[in-house]
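Residues or ranges marked as substrate binding site in Swiss-Prot (evidence: sequence analysis): ILE81, GLU82, SER83, HIS216, GLU217. Per Swiss-Prot, NADPH binding site is recorded for SER83, LYS84, ARG245, GLY246, and the stated evidence type is sequence analysis. Positions annotated as active site, thioimide intermediate by Swiss-Prot: CYS177. According to Swiss-Prot, the feature active site, proton donor maps to ASP184, an assignment based on sequence analysis.
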Amino acid sequence: MNTPEDSSLGREVAYPSGYDPSLLFPIPRAAGRAAIGLRGALPFVGRDRWHAYELSWLDAHGKPCVATATLHVPCESPALIESKSLKLYLNSLNATRFNSAEAVRARIATDLSTRAGADVSVEFGLPPIDAVGEGESIDALDIAIDDYGPPKADYLATHAGTVVEEVLASALLKSNCPVTGQPDWASVTLRYRGAPIDREGLLRYLVSFRDHADFHEQCVERIFQDLLVRCAPQWLVVEARYTRRGGLDINPVRTSPQMPTPLSIFRDLRQ
């Protein structure tokens, strides 16, 4: 079984001189899910949306082409794709000739699907930037915080009263790469229907990820699971938009299966 320590993270790696799909490094999702008590049927559906800003190849005549792309990896896939390996893989296309842009798109989709173990969709272009931001920010709450990890679900609570349907947001999520320790920065949005979630407790909970080491996808699944267990919403959506590194950013979204409408697809200004 592949582990994060076996990947190219934190190592000096020669950039590939030619197309090489073996560079893609899948990491099984099962271990991260077992750590938060998920061993059977998943309580969510969703995807990991990647934005690729540095994509290039050669056309049939050897002239360079450039593009951006959006990749959708379903959360039902047995494996996630380690980010540095995806960067190296995309760079392996730089000196490779293709007859058309569609051939490039299809090749990337096929290679990612093979390594993730499920159908990965690829489309050229990026979502628009959300200049306003969805939801009501909780970041201006005037509270003292001195707990930066490990993540503490005990902070999560609800208020008795009328059922609400609302969208809350924070730009203060920070976690760390589990191999290199590099900081990962994100905005997180949660949409739910249920008893009102205590906002001070929610902010303390999100800040408690600050010293936590885990992959982006696993952080979002932990947030979803903790909110589901502690706050028992009728339905829930959690999305994190992580800032760019190595020409890529990752945007995991997890939703209750009965969620009526998905969150709109946007990028953050910080991305």
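In case you wondered, yes, glycine gets a Cβ from its N, Cα and C as well.
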Between the two most distant Cα atoms of the substrate-binding residues ILE81, GLU82, SER83, HIS216, GLU217, the distance in Å is 11
Starting from the Cβ centroid of ILE81, GLU82, SER83, HIS216, GLU217, which together make up the recorded substrate site, report each further residue of the same chain whose Cβ lies within 8 Å of that point, ordered by sequence.
ILE27, ASP48, LEU80, LEU86, PHE215, ILE250
Measure the Cβ-based neighbour count of ASP184 (active site, proton donor), defined as the other Cβ atoms within 10 Å of its Cβ.
23
When you measure from the Cβ of GLY246 (NADPH binding site), how many other Cβ atoms are you left with inside 10 Å?
14
Binding-site residues near the residue listed as 'active site, proton donor' (Cα-Cα within 10 Å), from ILE81, GLU82, SER83, GLU217, GLY246:
none
Which residues in the same chain, at least 6 apart in sequence, have a Cβ under 8 Å from the Cβ of ILE81 (substrate binding site)?
LEU24, PHE25, PRO26, ILE27, VAL73, LEU112, ARG115, ALA116
Just counting, how many other CB atoms are there within 10 A of the CB of GLU217 (substrate binding site)?
25
With every protein chain in view, what's the tally of Cβ atoms within 10 Å of the Cβ of SER83 (substrate binding site), excluding that atom itself?
24
Near-site residues: NADPH, ref SER83, LYS84, ARG245, GLY246, CB cutoff 8 A to centroid
LEU86, LYS87, GLY247, LEU248
Restricting to the recorded positions LYS84, CYS177, ARG245, GLY246, which ones have a CA within 10 Å of the CA of GLU217 (substrate binding site)?
none
Roughly how many Å separate the Cα of SER83 (substrate binding site) from that of the residue listed as 'active site, thioimide intermediate', to the nearest whole number?
11
In the three-state DSSP scheme, GLY246 (NADPH binding site) belongs to coil
